[in-house]
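One structure is given here, and the rest of the page talks about it.
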Amino acid sequence: MDDLTLRIRDLNLRFKSLFSDTAVLHGISLHIRRGERVALVGESGSGKSVTARIVLGTLQELKTSRISGTVEVMGRDLKKMTEKERYALRGRDISMIFQDPTSSLNPVFRIAELFHEVLKRRDPGISAAAARARAAQMLAQVSIHEPERALDSYAFQLSGGMNQRIMIAMALANEPALLLADEPGTALDVTVQAQTLELMREMVERNATSVLFISHNLGVVREFADRVYVIYKGRIVEHGTTEALFADPRHPYTRALMAAVPRLTGGGIPDVPEVSESFFDPMITHEGLREPEPTR
Amino acid sequence: MPPALRAVLGKLITTLIVLFGVSILIFCIARIIPGDPVRIALGPNASQDMVDALRAQMHLDAPLVTQYVYFLRDVLHGDFGMSLYSKRPVIADIAQFLPATLELMIVAGIIMVGVGLPMGILAARTRDRWPDHLVRVITLLGVSAPGFVWAVVLMLIFAYFVPIFPIAGRISNSFQIPQVTGFMLVDTLLAGNLAAFADAFRHIILPACALAVTGIGQSARLTRANMVETYRKPYAEMAQSYGFPAGRIARRYVFKPSLIPSLTVIGLDFASMLGGAFLVESVFAWPGLSRYGVNVILVKDLNGIVGTVLVIAATFLIMNIIVDLLVWWLNPRFRLGGRS
Ligand SMILES: Nc1ncnc2c1ncn2[C@@H]1O[C@H](COP(=O)(O)OP(=O)(O)O)[C@@H](O)[C@H]1O
Ligand SMILES: [Mg+2]
């Protein structure tokens with residue numbers, strides 16, 4: 001089975017400083033195959049973003065982080081790679097989309113300049129003109145009708161939806177194998193978020209890009225993902241196909257999450273007010289699913 | 001009218017109002033401080049008639065308001081009166097001494113920015129590791145003593161114990177350079193005299209460094225602080241996630257946005273060199289406006305005092321406007337407007 005884009009096995013994370021030692025991830029395992037869209041769902045603070053940062057290799061560089069377990073990207077163990085090799089993955093094999101597109105785009109550089117820098121990750125010698133042509137082509141793919149105007153703008157001159165399209169185009173411009181989408185577009189209004197997610201889905205389907213889709217919005221997850229992992233306080237509590245999980249949520253935490261009424265503001269974040277002992281029940285894996293064995 | 005142009009125009013008008021206020025203030029102060037300038041100028045042997053005549057000629061017997069109106073009329077014609085100290089028009093004195101001070105400040109400013117900002121960038125990029133700690137210790141030293149202390153220290157080390165730089169003045173006496181701009185580094189080049197240029201350069205290095213030390217420390221610390229703040233912004237995380245090279249992230253994607261808030265303060269640091277120059281010029285016998293200013297105050301040369309203070313105030317305000325323009329130019333949000 002060599003079509004594994006991402007495989008995480010028994011990942012533990014602690015933050016250790018002089019005065020504190022906080023465990024954040026307690027042995028999570030997950031995998032994504034080529035072209036699969038896998039969601040990681042859980043409330044705020046459950047450890048979704050840190051997981052993405054470990055896959056990206058940036059958290060490893062933080063002095064306070066203590067990481068154990070294996071993370072394999074396309075069969076290569078991150079721990080066996082040098083910092084330089086991990087760096088080489090970023091922006092080429094792995095790219096990322098963020099919560100708020102407008103604040104994720106540098107305010108003192110034009111879109112064209114940022115796009116040029118992104119494209120240099122794949123092709124270091126690319127000229128500004130060639131980068132511009134490629135960028136315009138990518139922007140057309142995300143249905144931006146006046147790519148030239150967008151390229152000559154700064155992010156603050158464009159709408160949030162426009163910036164999100166630009167972000168998607170940038171993320172996919174180098175044809176990465178894995179896209180990390182950390183609550184993409186949560187800062188946008190609901191209809192714009194839905195439109196841009198639809199666009200993102202078309203793009204990743206076309207390129208068979210694997211996606212780790214991080215969200216705390218179940219409605220969005222249901223629309224977008226093939227498979228779902230539910231995370232609660234640094235533990236995976238339930239794993240199933242989207243269909244199975246929504247038809248038959250089994251873990252008490254998943255049920256509480258689905259029963260909770262999404263707030264209207266803030267992109268439909270469910271509130272799970274009471275904390276129950278049963279939320280710490282053992283993990284439930286739906287039929288037919290299991291974590292794959294190590295590559296070697 | 002575009003908002004940016006309106007802002008600059010508003011700034012210009014404020015500047016003129018401030019200058020007007022400063023002129024009234026310094027005009028009165030110069031006349032209120034004790035001592036008779038005419039008596040000092042003519043010396044103890046002059047007769048009372050001579051003193052009275054000169055006083056009448058300078059309108060010093062008229063009421064203060066009348067005096068000010070005469071003064072304002074002359075200033076608007078570019079005439080700051082005669083200096084009792086040099087016996088020349090004040091404007092000629094200023095034209096002679098101001099370029100020396102400006103030249104010193106500009107070189108010090110270049111050193112401040114050229115050393116301070118890279119140090120700040122290095123510190124921010126390596127924060128909490130040894131280069132950062134080193135920069136912080138050095139800059140703390142820099143800001144802990146005023147410029148004239150550094151002037152004495154640098155002079156002792158590099159002009160006295162290890163005499164590699166000249167100890168005083170702008171240029172060696174052996175060179176005769178015609179004054180064109182008043183900037184020695186420029187005039188020597190205009191004269192095509194490279195040896196003289198090198199000599200002038202060697203003369204300006206120590207005083208400029210002394211004047212720059214505090215600013216280097218402050219601009220490095222400020223740059224570091226603002227960059228550390230900017231590193232937490234989502235767009236900095238984006239740059240890291242996409243694997244932009246760390247050096248380029250620091251120098252371009254983090255430094256540039258963080259420079260915008262730093263710039264106003266760095267501009268003020270630069271302007272405050274005008275004050276620091278007073279003492280540094282004294283230490284290095286630098287023939288600049290500061291030394292002239294001290295001398296005219298000592299002999300209560302009314303026109304000299306008022307002229308010097310007004311020119312210093314104007315220089316300060318003009319630098320303020322330049323900084324505003326720079327901020328405006330650096331920040332596309334100001335330049336273009338747009339969604340907030
Ligand atoms: N650099 C860090 N140092 C210490 N604690 C951190 C750090 N980054 C994240 N955490 C903690 O790890 C937990 C998980 O954070 P995160 O992954 O951002 O949550 P989320 O699921 O909302 O994305 C939180 O409790 C957060 O406080
Ligand atoms: Mg998060």
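Placement of Cβ uses the backbone N, Cα and C atoms for every residue, glycine included.
Nobody curates TrEMBL annotations by hand; they come from automatic prediction.
When the ranges B:84-103, B:204-223 are checked against TrEMBL, the one recorded as transmembrane segment is B:204-223. Proximity of distant same-chain residues to the transmembrane segment (B:204-223), defined by a Cβ-Cβ separation under 8 Å and at least 6 residues beyond the stretch ends, is recorded for 103-105, 107-109, 111-113, 115-117, 119-121, 123-124, 135-136, 138-143, 145-148, 150-151, 153-155, 158-159, 165, 170, 184-185, 255, 258-259, 262, 265-266, 269-270, 273, 276-277, 280-281, 283-284, 286.
Between the transmembrane segment (B:148-168) and the stretches B:12-33, B:104-124, B:258-285, B:305-330, it is B:258-285 that has the most C-beta pairs under 8 angstroms.
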